[in-house]
Amino acid sequence: MSDTAKSNDSVTSEVDASAPLAAGPKKAPAAKTGSSRTAAAVGKAVKSAAAPDAPDASATLTPAQKRAATIAARKAVSSDGEAAAPKARGRQAKPAGAPAKATRGRASKGSQDHETEDAGTVDDDESRTNTNTETVEIVPEKTGRGFVYSDADDDDAPVQQVMSAGATADPVKDYLKQIGKVALLNAEQEVDLALRIEAGLFAEEKLAADLAADKGKIDDKLKRELQWVIHDGKRAKNHLLEANLRLVVSLAKRYTGRGMLFLDLIQEGNLGLIRAVEKFDYTKGFKFSTYATWWIRQAITRAMADQARTIRIPVHMVEVINKLARVQRQMLQDLGREPTPEELAIELDMTPEKVVEVQKYGREPISLHTPLGEDGDSEFGDLIEDSEAVVPADAVSFTLLQEQLHSVLDTLSEREAGVVAMRFGLTDGQPKTLDEIGKVYGVTRERIRQIESKTMSKLRHPSRSQVLRDYLD
């Protein structure tokens, strides 16, 4: 191996020694630049990115914080190497007569002797040296032990793909097709993404603290490095989210047919998944799906309690209703019949009256516009009688009766008409007593009785009663 490669090995050893990882997959060495002076730059970048004022930063930092410092240091090494000897990345123009075939992810056949033997990683300088062809981009491989990272590994997050064709009328099918393009993660990949997320959060807090302490003045190089770590943490968060969207779909299927659309259940579950990513503690040793399931279920059930019913019921009462329904189903299987409120009360430790009240709260309202029949040409409201509805013929007859009655009363004196109207409630529909009428006119109840008797005799006369007899049939 050349002196350049040996110098690069020493640089990588210093980086890994400055920031060891407590958990997660073993990472590939940083890309080698071929410059012996980068070792000092790495150490300086590690110290400045981790804790510039701390006397011994490596002794107080967590593994994720050390990882953030290491990533920033490797970024600095890559920048120094490119400034000293810029090399074109990607596919270069080939000289005339050179072979046109090159394999992505590996150097051409003539350069295979220059591949390293360390966990499938490739030495950039050696693999990019070929007597027949120019530089070929080296893509880091993804192994079963987790992702292998390098400074050029900026595309490990799932690529957002927009369906330009093949869209269907079924939005659920389109959504499932999209989320199925992201590969599932193993346990070590989940830990690795969690480390990157924590490193990004640490870098974000450090950048905010440095900006506040220095009143917005901070070294541009350190600021760029921290911003890169923050961006890397956000990409890792998006990757962890997109790789677990299918978990939300599988859980949302259990709650269909309970008042919310399937896509609405998925969206509410996705909110719980985001919360799970933010709260996930990789040091516990559990799979992310085990932890996220509880957050997803909570988000879906809370959304159903708030949105599924036409009349909203408080969440705590929804939990009581669900508990009552579970106990009722269990007792139905055990007893072979519907349990009584008294039996349910004993099982739930509440009074029978409370059981009946909870059962009333749990009833689902039915829309009057619910279609009926196979054709759906009729609605449920068409079969319900409106007891307060007025028949048009009766309404017209009642209006005519009022007009005739007022015309008959107009033939009486003002006091006689007033006493009859108040006595039978013709004005406001509320009949009044003799005492109440006497107080209105300032006379005794006996005098009001005499006026009423005399007036009724006048109304019975055929000249007045004949026009009203037709309405008595």
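Cβ atoms here come from the backbone N, Cα and C positions, even for glycine.
All annotation found in TrEMBL is predicted automatically rather than curated by experts.
Check TrEMBL against the ranges 264-267, 304-307, 308-311, 396-399 and you find motif 'Interaction with polymerase core subunit RpoC' recorded for 264-267.
Annotated range for DNA-binding region in TrEMBL, selecting from 74-93, 154-173, 374-393, 434-453: 434-453. Taking Cβ pairs closer than 8 Å, the motif 'Interaction with polymerase core subunit RpoC' (264-267) reaches residues 175, 248-249, 252, 255-256, 300, 303-304, 307 in its own chain, all 6 or more past its ends. Mapped onto DSSP classes, the region 'Sigma-70 factor domain-4' (408-461) shows 35 helix, 0 strand, 19 coil.
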